[in-house]
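Visitor: Once you've had a glance at the structure underneath, I'll fire off some questions.
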Amino acid sequence: MFSVPSMKLKLLNAVALAVVIAVNGLANALPLNGQTTGSISDSLNVLFTPAGYVFSIWGIIYLLLILWVLRAFFAKPTEEHIYAGIGYMFILSCVFNVLWLFLFHYEIFYGTMAAILGLWVSLGVIYMKIKTSPRRGLLLVPISVYFGWVTVASITNIGVVLTASGIRSWIIDGSWWTALAIAAASAAVILFYRKMGDVLYTLVFVWAFTGVFVQRWQEVNLAAWTAAAAALLLFVQLFFRSGSNFTYLPLYWVINNKRGRENRT
């Protein structure tokens with residue numbers, strides 16, 4: 001028999017997400033502590049930070065999460081079992097999201113590492129609970145994108161701490177640190193993709209690395225071209241190894257339809 005999430009849990013998930021969206025909006029509208037998230041990021045000038053347009057992914061993430069939360073109210077029995085298994089972990093992830101925002105705006109950067117690690121771990125637990133569940137449908141899609149982006153943000157957060165503390169400047173040059181971080185992240189994503197076969201998670205990194213290149217190509221060649229190479233490598237990895245996981249992407253259909261027409265002639 002499938003376990004069923006309580007109405008209380010469904011409502012708390014919805015409220016928690018609403019709080020996250022509201023706090024993130026107000027943090028920049030007020031702004032919190034007299035400074036926006038972007039202005040703090042610009043002042044630190046962490047080379048791993050991508051171009052501003054890349055952060056529009058938050059709109060996609062929030063839209064997907066809204067659909068994910070609402071789906072719980074209309075879930076099939078197999079999906080309800082998944083939501084019940086996740087329990088209060090999504091609410092915990094929302095707590096870490098809001099906590100990180102306050103710590104970042106008040107420039108408690110060491111604290112932000114603990115908050116984003118908590119967010120990353122909680123999303124990782126949710127990801128694995130859905131990934132290992134049969135008949136999960138599309139429930140993994142929002143979490144894949146969110147988990148991927150928080151992984152990118154975690155790497156950026158390390159750069160924030162190193163920059164704010166001054167450690168980076170006397171250990172290793174910023175461009176070298178960024179290049180090494182991109183290379184290490186690319187290797188980890190490739191291993192993750194080969195294990196999990198998650199196209200969306202990997203595409204988030206392609207999006208982020210492309211944004212790093214766009215942001216830095218005129219000023220920091222090493223970081224920029226490492227990011228470009230990493231984005232290309234990950235995309236090639238997707239293209240040649242995705243198989244059936246790639247079939248829902250438009251490019252796959254364009255290429256396959258072209259091949260089909262060629263075979264018929």
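From the backbone N, Cα and C atoms, a Cβ is placed for every residue, glycine too.
Just so you know, TrEMBL annotations never went through curation; they're auto-generated.
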Visitor: Under TrEMBL, the annotation transmembrane segment belongs to which of these stretches: 8-27, 108-127?
Guide: 108-127
Visitor: Under 8 Å between C-beta atoms and at least six residues away from its ends: which parts of the chain pack against the transmembrane segment (200-217)?
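Guide: Residues 47-51, 53-54, 57, 141, 144-145, 147-149, 151-152, 178, 182, 185-186, 189, 192-193, 223-225, 227-228, 230-231, 234-235, 237-238 contact the transmembrane segment (200-217) from elsewhere in the chain.
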Visitor: Is the transmembrane segment (174-193) packed against any residues at least 6 beyond its ends, judged by a Cβ distance under 8 Å, and which are they?
Guide: 47-48, 151-152, 155, 158-159, 162-163, 168, 199, 201-202, 205, 209, 212, 220-223, 226-227, 230, 233-234, 237-238, 241
